[in-house]
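Asks: Pasting the feature list from Swiss-Prot:
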type	residues	note
TRANSIT	1-30	transit peptide
REGION	60-112	region 'Disordered'
COMPBIAS	83-94	compositional bias 'Basic and acidic residues'
COMPBIAS	100-112	compositional bias 'Polar residues'
BINDING	His670, His674, His677	Zn(2+) binding site
ACT_SITE	Glu671	active site
Amino acid sequence: MASTSKNAQRAAASVAHSYHVCLARRMSRLPTLLSNISAPAASKALDRYESKRIHSRSFSSSLAAQRVQRPTSAGPILTNPISDHEKDNDELRSLFDAPPTSSSANHLRSSGPSTGLFEIPSLTSPQNFLVLAQQTLARAQLLVDRIDRAGSADASTAQGIKELKEVVRNLDRLSDLLCGVIDMAELVRNAHPDPEWAEAANAAYEYLCGYMNVLNTHTGLYSVLKNILSIKEVAETLSKEATAVAQVFLRDFEKSGIHLPPAERERFVQLSDEILVLGRGFLQDIAGNDASDDFARIASAQADADKSDMVGLPTHWLEDVNPTILKAVRASAITDTDGLLTFSAADQPWVFQTLLKYAPDERARKVAFRAANYGSQAQVQRLERLLKARAELATLTGASSYAEMALGDKMAKEPQNVEEFLRALTKHHRPRASHDLDKLRRLKHNATVSEPAQNTRQSTFNTNSTLPEFAPWDRDMYTEQHFRSASLSNVQPLSPYLSVGSVFAGLSRLFSALYGIRFRASMVAPGEVWSEGAGDVMKVEVLDESEGARGTSGSAEGLIGTIYADLWSREGKPGGAAHYTVRCSRRVDKDDEAGDFTYGRAEDGRVVRPQDLGGEGCGNPLQAPTFEQRERPGRYQLPVVVLMCDFARPGNANQGPCLLGWHEVETLFHEMGHAIHSMIGRTSYHNVSGTRCATDFVELPSILMEHFVSSPQVVHLLARHHSTGASLPFEHLSSHLAASKSLEGLDTYHQILLARLDQLYHSQLAASPSFSSTTTYSDLDRQMHLPGAPNLSYTEGAHPQVRFGHLFGYGSTYYSYLLDRVIASKVWNHLFANNPLDRYAGQVFKNQCLKYGGGKDPWHILADVLNEDSVRQGDSRAMQQVGKWGIEC
């Protein structure tokens, strides 16, 4: 018998449950004024894969895969292939497949003094980060005062009208000013290997976020914004994009409770703070870390008093477990005496997840399932207090539920529309889920034909009497057996054909074919990137054949943005994948910086001169470069994004490149969907640039990329054997995709259940004194039963809801991923299924969807892209229609 230390137990718990935690940064702007900090639009890999498998008990570990189309004998056709482009693609492949091992070997790393992080001259040392934040705040105060004073401007004078017309642009400038530092600090505090830099970035982040929280309750800014939208002479001069920006700010103000009377506004702030603390504790519990609030102290005292998390397993239930697995399980037991093993449900979840997969005795799996879904009374109480606090917050704003409050600026608009969508989607996918379930029931039948009768019990839910009833604790084991079956386990590996460099070069070829956009490796200046080891961070220019900055790319193309690729795992770096937006597109030549100093004042009322803040023309302390554009008038700052992954770094040339698994290729394509959205969505206003759009729309471009990667025509562009150069055989891809999607219907059905649970938890139910999150889960689980499975993911005594981390980060919007999966399937079939490399189809999607960022109603975008006017209104009928489309599996 061996007992692991408390820290080791917690570490194991953290690993086992890490995919439950909402690690992803929000996919769009934060729901408060000016807080649309462009934290990574896509969520780390969790938001793609875990949204399908949020529980370890999910029906399958299969990956999303789409219909395979056999390529024509002619192979894919590239639009105007150019030899220079292929040279650049070859350089990309070489750069990522064999990154330099020393600075002297890196021809893309220049020498000389530091140019500053992201080539910001002032950021040459961590000490300067807070100084930059302070300069930014001082500059922001001038803008705030100027906007506030515009509210008292005389609208009957030319100057008064001029100032009022500048309000939306000035608010957007203010947002860009603050987010430019906050977004960068968010990246640096997470990714920089030097603790000094990380701490300095965190200090700057918290400093400016604190100021932003003050702005969220600035009644002067709210009043002047509301006022200009009611002045016809001003409102009529706003472009559609500017109007969209104004509406975003207005909604975010009101979601912050700014329109409430003082006493109610104070309560709003109190509740918001409480929700934040509760949410952090909720996620810390899931991660296996110790929360520090009152609920954590109650839970600790309860566990010490009654040992409620202790689980006993008779050893004779484990006799048929693989000896190697059993040895590891027994070694982890807290006690092993008299034929009984004891474990901690709170600290050793990996034990129970292992037994759910590999314990043939159903009694052991049933105990393991309940333990894997263990939730202390205090954890349940914390979640329910979180949901009730949200319900009270919504009531303060005049909404009937938190979902109603949160969905006003989403595609769904209101909870009833989400329910229409999910109801239609449930009906569409139920037959497919039942079909997949029967595959697992047959495996159970084959395994239990000689077992005692209690293992093959029947019920009124079992419409196929020849197959045994399926319990929640059966899922993991028979899913594991399903994928180990002869027909699926013999699938040929794809990794030898999928080196990081080949995939990156293939992405460049794909975007060139579709959008006339490609990648080119670029020189990295000293001090420009956060991890300066040779080859740690690569810089990639994004070029457009007909648009972009004049005369910057050294070719006939124009520069439209920059991607920094931080792909290799290193100590201290966050796991998973993420897309960070460091800088957004914005038109700058119309900025009236001089007017800030004329009309604005410091917070203490002082007149401020440009030289007081660093010199003449000090508009933005970041001093971001700006460029004239070939396709439109004006000067723009260009988007800068960071693509972060944790792939294994290649060794020396003899060891070969980093070879990716299929799910890692999907991850790269998914995150690149966000990146290309940022590159193409170069709007005139920061606040609607790129991925700054509705939460339930932002995943469309990235999910669509998953369709591309499973197309043979596209795979032909990127899959080459790393040593022979041979193309990936079609039959290898076909068999892999068939295997990976073989239980997709069941996975999707379970995700629908979680989306419906999220809606119930954020409905009026949460405000009821008798509300029980466990009862609500149990009732929904029974309601959504499948033939032969009276319960999908619940059994008495379990509390699976306390493992559903997305309840905090995506409260009432968990349906978003499902909605965008449906839309992506429809767009794929409408535009790309017949020819994934068609330039005309690519231009339609580029010009009717991607280029608008968040500046156009997503329903109008969808109607235009699909030629489906029936969904243009985005009402309940539109949501119901989208639900009926279903997700192609």
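Start at 1 and count along the chain as shown; that gives each residue its number.
Note that Cβ sites are derived from N, Cα and C of the backbone, with glycine treated the same way.
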Asks: Take the Cβ of His674 (Zn(2+) binding site) and count every other Cβ within 10 Å, whichever protein chain it belongs to.
Replies: 27
Asks: To which of the binding-site residues His670, His677 does the lowest count of other Cβ atoms within 10 Å belong?
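Replies: Output over binding-site residues His670, His677: least Cβ neighbours within 10 Å is His670.
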Asks: For the compositional bias 'Basic and acidic residues' (83-94), how many residues does DSSP put in helix, in strand and in coil?
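Replies: Tallying H, G and I as helix, E and B as strand, the rest coil: 12 helix, 0 strand, 0 coil.
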Asks: Under DSSP, is His677 (Zn(2+) binding site) part of a helix or a strand, or is it coil?
Replies: helix
Asks: By a simple count, how many Cβ atoms lie within 10 Å of the Cβ of Glu671 (active site), its own Cβ left out?
Replies: 27
Asks: Rounded to the nearest Å, what's the C-alpha distance separating Glu671 (active site) and His677 (Zn(2+) binding site)? Just drop the number here, would you?
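Replies: That separation, Cα to Cα, works out to 10 Å.
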